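Taken straight from Swiss-Prot:
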- Leu118, Gly122, His123, Leu124, Glu242: (6S)-5,6,7,8-tetrahydrofolate binding site (BINDING)
- His225: site 'Plays an important role in substrate specificity' (SITE)
- Lys226: N6-(pyridoxal phosphate)lysine (MOD_RES)
Amino acid sequence: MYKKITLNDKEVEQAINNELKRQQEHVELIASENFVSEDTLKAVGSILTNKYGEGYPSKRYYGGCENVDVVENLAIERAKKLFNVKYVNVQPYSGSVANASAIASLANNGDTILGLSLKSGGHLTHGYKISFSGFFYNSHTYEVDENGFLNYDDILKIAKEVKPKVIICGYSAYPRIVDFKKFREIADEVGAYLLADISHIAGLIVTNNHPSPSEYADVIMTTTHKTMRSARGAIIMTNNEELAKKIDRWVFPGYQGGPLFHAIAGKATGFYEALQPSFKTYQDQVVKNAKVFADEFIKLGAKVISGGTDNHLLIVNVFDSYGITGKKAENILGKINITVNKNTIPFDTNSPMVTSGIRLGTPAMTTRGFKENEFILIARIMVKALKNPDDLSLHQELKNEVLEITKKFSLPW
């Protein structure tokens, strides 16, 4: 069991220990979050944070890098094996920096890029106007259809019209299988590069719970802390040697300076764990749990975007289902110790800070041992709360139920 920490800085100590209590007592349903292993916590909190070393293994601008070179090479080789790729850069601090580096390796400022819109489940870095991707590039978007699915014929039509240099596939709130082969065909037809952002589904991909883009994408990017259950950060991959050189240059010195070796160590330990048979068992359960979770909401009368899920997440339209916004739903559920995030839905009429939906994910609580029955129970608790948004007495009863559940499923340390 992870113990409370003691620091001379009592204000930070209290905040960390309060967060420990929150993580233990709340049902964590944010799809982009997970609970790392004790080994990964140790690696990230190690003395590697003291070491600086711009450059790449055996090509550093600083001395004393022989040990961090070992760590970085381990992370690289393990990622190659997991994703079946030839080249990997494990240095990106975050998914946003990784996407910036990946796009820059494929396009020049002012070139056209094409990605899924934010409301349809895309990410800020896929061309949203307030992001670098919408500021430095001529960004265009495609949408899901009225049923919440990608329509590849429509995507091809848009691609022919806007003639993108880069097409981005892979999303932050899309609950269905992505057909990377079809995206490759679209990219080839319009002469575009294909960038696959698999940040949400990477863990599913390496365990054969989702098709891999390694055969089709020119460049692949993933964060390492979602379904991969590794340290926070990102990696960029390719099978093209020339693109690999460009990627390396854009990561360093393009967008970053010295690597975070403690974070790279955490990535390496997470990749080691992902290579074990138990990780396959875990990801299988993540998908089973998500399917049952979605089905239970539908049985209880909720409107689930696309009618279900094929992966680790689902989107519930709370505006049409319960007459409340995603923001209010997030607040209600937070008060009964269920943590979710408000999320836009396709064709949303509410703003991104209000939204009509909530996004739910199963990876974190599956790590804590939840199986199908627990997710069915949590769905029922959530629906009771959302149907009665102002019944504070009921909310207290439901919170007590949640606390009894979380007591049985401790954090993984």
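Quick reminder: no glycine exception, Cβ is built from N, Cα and C everywhere.
Positions of the features from Swiss-Prot, shown on the structure.
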| residue | record | DSSP class |
| --- | --- | --- |
| Leu118 | (6S)-5,6,7,8-tetrahydrofolate binding site | coil |
| His123 | (6S)-5,6,7,8-tetrahydrofolate binding site | coil |
| His225 | site 'Plays an important role in substrate specificity' | coil |
| Glu242 | (6S)-5,6,7,8-tetrahydrofolate binding site | helix |
CB neighbours of Leu118 ((6S)-5,6,7,8-tetrahydrofolate binding site) within 10 A? 23
Between Gly122 ((6S)-5,6,7,8-tetrahydrofolate binding site) and the residue listed as 'N6-(pyridoxal phosphate)lysine', what is the CA-CA distance rounded to a whole number of Å? 16
Near the Cβ of Lys226 (N6-(pyridoxal phosphate)lysine), how many other Cβ atoms are there if near means within 10 Å? 27
By a simple count, how many Cβ atoms lie within 10 Å of the Cβ of Gly122 ((6S)-5,6,7,8-tetrahydrofolate binding site), its own Cβ left out? 26
Here the 10 Å Cβ neighbour count for Glu242 ((6S)-5,6,7,8-tetrahydrofolate binding site) comes out at 9
Same-chain residues six or more away whose CB lies under 8 A from the CB of His123 ((6S)-5,6,7,8-tetrahydrofolate binding site)? Gly95, Asn99, Gly115, Tyr171, Ser172, Asp197, Ser199
Glu242 ((6S)-5,6,7,8-tetrahydrofolate binding site) sits from His225 (site 'Plays an important role in substrate specificity') (Cα to Cα, rounded, in Å) at a distance of 28
Whole-number answer please: how many Å between the C-alpha atoms of Glu242 ((6S)-5,6,7,8-tetrahydrofolate binding site) and Lys226 (N6-(pyridoxal phosphate)lysine)? 29
